[in-house]
Structure formats: structure tokens, C-alpha cells
Amino acid sequence: MVRTLIIDDEALARRRIRHLLEQRLDVHILGECKNGQEAISAIETEEPDLIFLDIQMKDMTGFEVLESINADIFPLVIFVTAYDQYAIKAFDIFAFDYLLKPFKEERFALSVDKAVANLQKRSVSDLAHSDQIKSLLTYLSDQQSPATSPAFSNTIPIKGSGKISFVEIMDIVHIEASGYYIEIHTADKKYLLRESLANMSDRLDDQFFLRIHRSTIVNLQYLEEIQNKSASEVEVVLKTGRTFRVSKSYKDVLFERLGI
């Protein structure tokens, strides 16, 4: 039996999750928590196998609950949330399951089935799961919404085949649009990320990064020289040897930034 805690500050949400879980024979409900403080105490006392964790509660977030747990091994987590683009992006990056309110019964059943299957082989992956949660919490503490904070992330997580690479922001030389993706170039590597150039621009500190074309962002620290190809055409040469055309609409912005 999978020992489970339901954590949500909305009574209706807790009731629905309980109702759906009570229809299963492979789950035992340990109890419900209506706030973060209750959740921390219950998790440390009951040591559940699985928790349904609401992200936004009145006293603290679900992430703050996880950060506050005094445990080396974390329970398996199914996050429950209303739409939050930053949290959902993080879940996708780190391969966490989540339920987006309002969720359908079929989607709920799939999440529980997956959790039960994972718990059956849990003994060999306890530490890996705990490390996964710690990585998620580290990423979320570093990654802040540009709409609410002037702070910028120091790294960009990029999911590849079987691994997640963390690219240091200041190691990025330039970024190019490539269809539905962007190519992130460092001095010696190239990474592919499914992201729009506009969204990526919002995540970068404009003290160092500047968009010079609808398809190009450059790190001004890697600027080698500017070449005037004609009265209206300008190109930038980076220290890596790459050359990019500056579109007319961005030319004045570039010159203003450089004090030219």
C-alpha cells in the first residue's frame, strides 16, 4: 500500500483528491494538511511514500515545504497547481509529474499509476529522487520571474538526451533563432533549447546581452569589432570569429549602448 498525504489549503481540492484516492486499493491515505506548517510536521512524523502537494498555500509555497523538511530522503511528489508558467517549466525540465487545476479523473489516475509504479522500484532510486528534488529547489530559488524581480538566473538548464546541462549565462557568446528552437553558443559548445528568442531575451541581463537582429542576441563582452559595410549596413565580429549583421532597427540601440 502506498502511504499518502494530501496537502492543499483548499478544502474542496483536498476532498476531491481524497475521493479519487479512496477508489483505489493500492493507496492508504495517512491524512490531510491544510497549510505548509501542518505539512512539514506530518511529512517528518508520518514519512509518507507519496504526497500531493499544492504549490500556492496561504502560509508558504509547496517548494518552501520541501525546503523545510528535515529529511535525507524525500517522498515522491505529485505537484498540484493552478497555472504557473515558471513552476510548470521547471517541472518539465526536471521531469516532475504535476496536476494542473482543474484536472480530469483520467489525468489523475495516470499520475497515481505512474507514482505507484515508481514506488515499486523506489529502493534503488531514493537518492536519485532526492537529488532531483534538490536540483529543482536550487533552480527555482535561482530562477525568478523577470516581471517581479530584477534578479537574473546565473544558469540555464537545458534538457538533452538522458541529462540536464547547466549553462553559465556569462559563458554564452551568442544566441540564434532556429525555427521553434534557439541555438545557445558558448566558446566551444552549442546547445539547442525549445524557447523563443523573445522569451530568452527577457531572462538575460541587458547590461551584457543585446539583441542585434530579430534572430540574434550577442553577449557584448565577446564583441571584437564593428564593421561598417556601407552607410546603412553594420556587422559585429565576435571574439570567436563569428560575424553577424545588425539590422537597421537595432543599429541605433547598439551604438547607444556602446556610446558611439
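Glycine is no exception: its Cβ is also placed from the backbone N, Cα and C atoms.
What TrEMBL records for 3-116 is domain 'Response regulatory'. Among the features that TrEMBL reports, domain 'HTH LytTR-type' is placed at 156-260. Per TrEMBL, 4-aspartylphosphate is recorded for ASP54.
Around the Cβ of ASP54 (4-aspartylphosphate), the same chain contributes ILE7, ASP8, ASP9, GLU10, ALA13, GLY62, PHE79, VAL80, THR81, each under 8 angstroms and 6 or more positions distant in sequence. A strand conformation is recorded for ASP54 (4-aspartylphosphate) in the three-state DSSP classification. Along the domain 'Response regulatory' (3-116), the predicted structure has mean pLDDT 89. Applying DSSP to the domain 'HTH LytTR-type' (156-260) sorts its residues as follows: 24 helix, 49 strand, 32 coil.
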